[in-house]
Amino acid sequence: MQHERPTHGMNIPALRRRKQVLDLAEETVAIEVPGLSLFYGDKQALFDIALNIPKQKVTSFIGPSGCGKSTLLRSFNRMNDLVDGCRVEGAINLYGHNIYTKGEEVAELRRRVGMVFQKPNPFPKTIYENVVYGLRIQGINKKRVLDEAVAWALKAAALWDEVKDRLHESALGLSGGQQQRLVIARTIAVEPEVLLLDEPCSALDPISTLKVEELIYELKSKYTIVIVTHNMQQAARVSDYTAFMYMGKLVEFGDTDTLFTNPAKKQTEDYITGRYG
């Protein structure tokens with residue numbers, strides 16, 4: 001069941017004073033970052049990041065290796081909590097609620113904000129059991145409900161026609177591209193509100209990459225999608241908005257077409273034209 005998505009509590013007028021924060025109406029903001037710094041022990045990885053992630057759009061994070069793209073992405077569902085010594089200063093508001101509030105239910109947060117990693121990671125189970133894994137954890141075991149969820153999620157992930165006759169075969173027998181789409185199906189089966197994709201195509205061949213990119217385009221009508229990519233052509237193809245990061249700082253953030261054709265910062269222009277990075 002999709003929950004009503006509260007948008008209260010966002011101080012949008014104050015955010016507009018920050019250069020990198022999009023001028024968005026309150027109801028169109030999915031994730032608000034009013035100023036986030038992150039540390040691994042004594043090392044600072046993110047420096048006062050401020051941006052708004054638009055609802056039901058695709059936002060790409062680009063930048064050279066080690067610039068903080070994945071660190072920022074993983075902050076949105078607190079995956080960085082799993083790293084020893086990680087410490088956060090600031091806030092991240094998901095539909096107006098600070099996910100770093102003391103006592104936050106992190107398991108529920110990660111259901112609402114699903115994540116797909118660089119390398120496809122299907123479980124050593126059947127295709128069917130991969131898709132229903134999260135539902136079973138929630139205590140949902142009624143066969144009719146699970147069957148409907150499997151069909152819906154696999155169709156949404158553009159995989160149903162390829163696997164509908166072998167749902168009870170091992171997911172490990174799928175191709176890399178099929179496995180990645182299966183992982184996306186597994187993620188959306190629990191009905192998240194946001195999808196985080198950490199270089200989801202870097203291990204895939206060009207044809208599989210195209211299928212995943214087409215899927216991203218289809219899914220944005222229902223989900224807010226944030227993608228980390230080293231491939232600037234991919235960012236230009238799939239995203240509505242793009243953020244360029246460098247050495248843990250947000251250099252520029254805005255409409256993808258504008259950022260690639262008329263960047264406001266020389267540092268951005270140098271990166272997208274291949275002068276460094």
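Cβ from N, Cα, C; glycine included.
Feature annotations, courtesy of Swiss-Prot:
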BINDING   G63, P64, S65, G66, C67, G68, K69, S70  ATP binding site
DOMAIN    31-272  domain 'ABC transporter'
Chain-mates of G63, P64, S65, G66, C67, G68, K69, S70 with C-beta within 8 Å of site centroid, ATP: T71, M245, Y246
Entry from the binding-site residues list G66, G68 having the most other CB atoms no farther than 10 A: G68
Residue, out of the binding-site residues S65, S70, whose Cβ gathers the largest set of other Cβ atoms within 10 Å: S70
Protein Cβ atoms within 10 Å of K69 (ATP binding site), excluding its own: 24
Other C-beta atoms that fall within 10 angstroms of the C-beta of G63 (ATP binding site): 25
S65 (ATP binding site): secondary structure state under DSSP, collapsed to three categories: coil
Among P64, C67, the most crowded of the binding-site residues [Cβ within 10 Å]: C67
